[in-house]
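Beneath this line is the structure, given in structure tokens, with notes to follow.
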């Protein structure tokens, strides 16, 4: 074990390759989280809503058609993953990240229905981002927490794309984790992290209410405020401006492309969380370099 640890510590290439393979495996699990966790949340919220309505004397009639068609026992572990078309249970050999997709030629072995490219994409994305984290931070506690943060960002971004929600049960623990790392100054000092979290929340909160007062519409959700608070705690208040500028730029470009490609109008809701997560992650790793290049460019 000591030999393995020393190899990972003193040979960056070995650490990067190992972390990338680990990232592929984590990415496979994130696919499960992205699909199943919202279903679990909706079930919980529906149950809570029913209890509140019953307490207030409302009579509830069952829906004509079940919206949730998943088994009663449904969580991140059970039941086993199946093909959505034929319910074929996915075997271990069919669940090897990326490799199984290529081996099966992107189709279910049982019914030959197409497997979404999204699954290997998430696995590759997680593997590559994990590798970049290992190359940046090296063998350290900073790397461990960076991998956790990266996994959170990927899963939250995809959930926001699918359902336009950023659950408190994901953003709040991540905020506490970011603040916890600052007690040891892993990324930024505690003071900068606390101010960054507060400023991150207040920036989007202020934009939200200003936009609502002017237009009467909601431009974003409260989950976005909390996500920027997380990012502020990670990068410090000094780099929040960079995050906001990057996310606005990326959002404007990609959002415009999405509207054009999908032939949607300007009223179409586009989740802002993924743009925040991408910009925050880039700033988390390379914020100092980007700030230095900008200051050199403007001659400061």
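Backbone N, Cα and C define each Cβ position, glycine as well.
Per TrEMBL, these features apply:
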- 21-137: domain 'Prepilin peptidase A24 N-terminal' (DOMAIN)
- 148-255: domain 'Prepilin type IV endopeptidase peptidase' (DOMAIN)
- 12-34: transmembrane segment (TRANSMEM)
- 143-159: transmembrane segment (TRANSMEM)
- 171-188: transmembrane segment (TRANSMEM)
- 194-215: transmembrane segment (TRANSMEM)
- 227-260: transmembrane segment (TRANSMEM)
- 272-291: transmembrane segment (TRANSMEM)
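Residue counts for the domain 'Prepilin peptidase A24 N-terminal' (21-137) under DSSP, split into helix (H, G, I), strand (E, B) and coil, are 63 helix, 4 strand, 50 coil.
For the transmembrane segment (143-159), the partner stretch with the most Cβ pairs below 8 Å, chosen from 171-188, 194-215, 227-260, 272-291, is 272-291. Most Cβ pairs under 8 Å with the transmembrane segment (171-188) belong to 227-260, among the candidate stretches 194-215, 227-260, 272-291. Sorting the domain 'Prepilin type IV endopeptidase peptidase' (148-255) by DSSP state (H, G, I as helix; E, B as strand; all else coil) yields 90 helix, 0 strand, 18 coil.
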